[in-house]
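Questions regarding the structure given below will be posed in turn.
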């Protein structure tokens with residue numbers, strides 16, 4: 001048994017070593033290694049995106065502004081005041097800083113953070129090289145990240161794209177009245193959750209400007225203001241007047257500038273005549289009371305809807321003399337009670353305790369029932385009005401302000417990016433603001449920044465098992481490794497463990513039952529099964545006795561050898577039993593007699 005145990009141990013060590021060696025290539029430090037896949041503290045390698053003016057009109061990552069917190073290197077804080085606010089709240093005195101997120105996701109990644117709350121804040125930056133974005137034949141893409149690090153209950157985190165004009169040249173005067181072309185981004189106050197997309201449309205006839213608000217999306221956006229995770233907002237407007245709004249690469253709203261905005265871009269061709277008025281004799285009544293109807297003579301309008309039940313009788317044990325409510329005699333008049341001011345004090349009323357055990361107290365009244373004679377107030381039936389003229393509406397006239405703009409995409413050119421918000425939450429982080437005419441450029445920025453953040457956050461949120469299964473899905477060969485070098489060794493180990501225990505139990509049982517072989521010998525000897533057979537049984541008995549006497553001296557090794565001898569001898573005896581079956585049958589009767597006598601002798605010997 002020791003030899004078998006040693007073989008089992010060496011086999012287990014060999015299989016374990018083979019499994020480790022087979023997994024060694026997967027445990028490397030490469031991008032697809034299992035070490036990286038299962039590591040809890042693994043972070044994606046972040047490299048600051050390159051700002052190429054030939055590919056983007058605006059690109060801001062804020063990373064290079066952190067060293068000296070030089071936010072005003074490219075951004076200009078507003079020094080203006082709101083016109084329609086009191087002096088103490090009119091100033092744009094919100095505090096801006098360049099910082100890493102509170103929960104650092106990517107090492108070396110920084111953003112623009114609004115540090116103050118309940119204050120107006122405004123900051124803006126010109127487009128690269130002061131080159132405006134002109135809406136012509138290329139799409140417009142705006143993309144940026146927002147992280148509401150403290151959540152949001154009331155406030156906005158949207159961006160304004162300032163229009164080309166005289167009032168946008170000095171960004172220090174940037175305020176809520178500054179002309180903008182597009183406003184885009186999330187906003188919330190209480191249960192009112194919005195994702196703004198507003199563009200200012202210029203009337204081609206009179207030059208007036210009207211704000212066009214995009215119809216609300218169907219999906220709820222509440223989680224964006226609660227989860228404190230970074231979110232990517234993307235707006236795409238195409239020259240064919242279609243638009244797409246995405247959050248975290250998921251499309252949540254799309255349509256056309258011509259039909260999905262309120263008010264619509266193009267006014268109606270006809271409008272109601274403001275000078276038209278409804279005639280005084282215009283009859284809009286479709287149904288009228290029948291003037292010839294007469295109230296029936298038996299119609300009694302004085303009958304009540306409910307009357308006392310005439311069949312009801314007062315219970316015999318009703319206590320008429322007791323009041324249902326009585327003054328509380330334990331009540332004490334307040335010390336500060338003033339009879340002149342408060343009137344004469346009276347103790348409050350409480351339920352009469354004597355009425356609790358009775359059917360009722362006080363004045364008994366019969367219960368009310370529906371009056372079978374009640375008909376209510378009589379009204380004549382309605383009939384069709386022969387003078388009905390329909391619902392009046394003013395006549396239509398041509399709209400003097402009508403125009404048809406079939407290409408609202410051609411908006412006012414954009415020259416700057418501005419953030420003008422008020423919020424009851426602080427720590428609002430803006431990052432990776434991009435304006436381009438190439439959607440692939442925006443996606444490239446997202447893959448270098450936002451997508452890396454999501455991977456890191458998802459990895460941190462995953463359990464060990466989830467990460468391991470994800471790695472196996474990405475590397476299918478791992479399933480074969482698991483089957484061959486994990487499943488197979490486990491099966492072999494279970495086999496050795498289970499069958500080793502079974503063998504040990506069998507051997508132990510045989511060692512404890514060596515007397516059975518002696519008894520078998522005595523029984524067979526009594527049947528006279530031959531001298532040679534008897535000698536073999538004597539040898540068996542002698543061997544068993546020798547083994548029993550040497551167990552304490554020779555230990556476990558001799559016990560194993562004795563068991564092996566017993567098993568070998570048992571196999572020989574079984575073979576001889578088959579050859580001598582006929583002989584045994586011939587002497588069954590004598591065997592039983594001798595056995596009985598032998599049994600008496602043995603019992604007698606025990607008694608003595």
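Here the Cβ of each residue, glycine as well, is placed from N, Cα and C on the backbone.
Note that TrEMBL annotation is computational and uncurated.
What TrEMBL lists as signal peptide is 1-28. Per TrEMBL, disulfide bond is recorded for 154-189. For 477-498, the entry in TrEMBL reads transmembrane segment. Under the heading region 'Disordered', TrEMBL lists 542-608. The compositional bias 'Basic and acidic residues' annotation in TrEMBL covers 569-600.
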Under a three-state reduction of DSSP output, how is residue 189 (disulfide bond) classified: helix, strand, or coil?
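Assignment for residue 189 (disulfide bond) reads strand.
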What's the number of neighbouring CB atoms sitting within 10 A of the CB on residue 189 (disulfide bond)?
14
Could you tally the C-beta atoms, other than its own, that fall within 10 angstroms of the C-beta of residue 154 (disulfide bond)?
16
Which three-state DSSP class does residue 154 (disulfide bond) fall into?
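Note: residue 154 (disulfide bond) is in a strand by DSSP.
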